[in-house]
Amino acid sequence: MFALWRAFVRRKPIEKNESTRLKKCLGTTELTALGIGSTLGIGIYVIIGTVAYRQAGPSVVISFIIAAISSIFAGLCYAEFGALVPKAGSAYVYSYICVGEFMAFIIGWNLILEYIIGAASVARGYSNYLDGILDNKIKNFFKDTLHLKLPHTNWFSDYPDLFAFSLTLLLSGVLSFGVKESTQFNLIFTAVNFFVVFYCVIVGLFKIDFHNWNISKNEIPTDIDGGKGGFFPFGIKGTISGAATCFYSFVGFDAIATTGEEVLDPQRSLPISIILSLTAVTIAYCAVSAIQTLMWPYWDQNNDAPLPYVFKQVGYPFAQKVITVGALAGLSTSLIGAMFPMPRIIYAMANDRLLFRFLSRINERFKTPLIATMLSGFLAALMATFFNIGELAEMMSIGTLLAYTLVAISILILRYQNQPNTDFDNDQSTAQIMMTNDNDENIYQGSFIKRLFNWKNSDQPDQFSSHLSMILIAISFVLVFIWNFTFIIFEDKIWSLTLPYYGIIPLIGIFLLFIFVVFCLARQPKTRNESTSFRVPLIPYIPLFSVFANTYLMVHLNQMTWFRFIGWMFIGFLIYFSYGIVKSVGYLTQEEINRLSLKSDDDCDGEQIHNDNDIIVN
Ligand SMILES: NC(=[NH2+])NCCC[C@H](N)C(=O)O
């Protein structure tokens, strides 16, 4: 059991003076453009309209604000990681270096889900959008020629979307043959997209009518389910479930974190551009959602291409054309933003031997992880062909929400650690650090209660305080989850203020317990690493709030999404426990890793080096 735990918490050594074959050329501007480009897409052009129409009405603006808060808190945690680790990577790499292998595996596995399904959903959205403009010509053609009759028709689309399939496959082809994501291209497309958003807001301002935020029920045609009218036609519940959908619109900024190796000054640029791009995107979403719902009644928003529809309805056909250009630019950058990091994460995990080795093969000629790119591209293309966009968006959101949650938890663990693996000038490998850890003397002064409240006001974490904090973090995570699940059971009653006592008692009880645990955690000593350029303020509150907001949105996703997600995690654990845990490079020294990578460059099927520390799971 102990060996298992040691495997879970082993950390990846950081290669000192690691050279990179990639060109260091990106500055804060390019990175911010990349962040905005991969985030601002379907959200503006499709989601605002559909959420206003079906879930939240004009209060879609509030839904966006709620989703923004949860994403911004996650963004802060990403920014700290980016500032801390001077190395290319995603949340997966960061957590492997700072927290431990098991956490890293789960984050990485969820990121793969996010990117594959994210790419599929954007491709699908792209094709729906084009269809909306072309009066459903693509859809009708495929429906007539290749009609599908699959069970669960709300999951699957009723025709195979070969347009989305070809688009995804084409793009992954382009990406695998070494066409580096051109930042120039991205910059131009993002600028076009942003200009169009700006244009919509300005032009739209001339056609706003505040009555649209206060429509009464009898103005809504009887054959339309428009709720009770007003600003919250579907109640607060609608606004919140809308927020869970809007969350999708904020996903993508994490692409910034995967470019670390090409950035001139990552420790400075990464945090700045994450925060800048999230701010810009939030303003854009809030502005467009306000304008769009003020221009046209929420109950008559179009489903496939709502933004141009509204401009057409108010008598601005020219604006419709401008929006189409912006949408195609925006959806393209969003699609590339999802497809580009996808093979890189698979490659990184396979390189660390947490996933199968063949996925880390670099193609000699094109110098890209060809197999990983093609395989993930093919999977994304298949998903885009058969699944409905709604199902894809939910599935992507659950993976991303869990990844964000775990990144926030990782930041907490990092801050309360007594042996951080973040001394980047020290060439001692993690293996050695772990050895010394084990021989540490455990001088636990004072009784448990005293330590729990840190009576001595110690400001230096030691082994005891760091273990204690880990336990407190785990307990608070479990409490937040249970609280959110309980909340959702009674949600209708809570919003209508008719909550019975058997609902009040557990909710208050869990809440008080949570406050107690957070209080104890806040008392524990934290590490002080003043050298990093960005640190999340208000530890432990901001990461805990992020955990709360993310799990809250997670429990609002539908049951089927949860079942499919559990299936995905099950496959992941199967791979980890049968392969990753025994093959991972987590316990190798730097020299061994070098030998290993030399070997795998020559011959991927060669024999793998086994080190003395190879663990036996007992
Ligand atoms: N990395 C991803 N999962 N990308 C998909 C992002 C979707 C993007 N937020 C949009 O609204 O278009």
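Heads up, the Cβ atoms here are built off N, Cα and C, so glycines get one too.
Straight from TrEMBL, the features:
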- 534-584: domain 'Cationic amino acid transporter C-terminal' (DOMAIN)
- 31-53: transmembrane segment (TRANSMEM)
- 60-81: transmembrane segment (TRANSMEM)
- 93-117: transmembrane segment (TRANSMEM)
- 162-179: transmembrane segment (TRANSMEM)
- 185-206: transmembrane segment (TRANSMEM)
- 274-298: transmembrane segment (TRANSMEM)
- 318-347: transmembrane segment (TRANSMEM)
- 395-414: transmembrane segment (TRANSMEM)
- 468-489: transmembrane segment (TRANSMEM)
- 501-522: transmembrane segment (TRANSMEM)
- 534-555: transmembrane segment (TRANSMEM)
- 561-582: transmembrane segment (TRANSMEM)
Per Cβ pairs under 8 Å, the stretch of 31-53, 185-206, 318-347 packing most closely against the transmembrane segment (93-117): 318-347
The domain 'Cationic amino acid transporter C-terminal' (534-584) - residue tally per DSSP class, helix then strand then coil: 40 helix, 0 strand, 11 coil
For the transmembrane segment (534-555): best-contacting stretch of 31-53, 185-206, 395-414, 561-582, by Cβ pairs under 8 Å: 395-414
Rounded mean pLDDT for the residues that make up the domain 'Cationic amino acid transporter C-terminal' (534-584): 87
Surrounding residues of the transmembrane segment (468-489) on its own chain - C-beta under 8 Å, 6+ positions past either end: 405, 409, 412-413, 416, 451-452, 461, 503, 506-507, 510-511, 513-514, 517-518, 520-521, 524, 540, 544, 547-548, 551-552, 554-556
Long-range neighbours of the transmembrane segment (501-522), counting only residues six or more past its ends (CB under 8 A): 412, 416, 452-453, 469, 472-473, 475-476, 479-480, 482-483, 486-487, 489-490, 493-494, 540-541, 544
In contact by Cβ distance (the transmembrane segment (60-81), the transmembrane segment (395-414); 3 or more pairs under 8 Å): yes
Remote residues contacting the transmembrane segment (185-206) - C-beta distance under 8 A, at least 6 residues beyond either end: 29-30, 33-34, 36-37, 40-41, 44, 280, 284, 287-288, 291-292, 294-295, 307, 311, 316, 319, 322-323, 325-327, 329-330, 332-333, 336
Maximum Cβ pairs under 8 Å to the transmembrane segment (60-81) - stretch from the list 31-53, 274-298, 318-347: 274-298
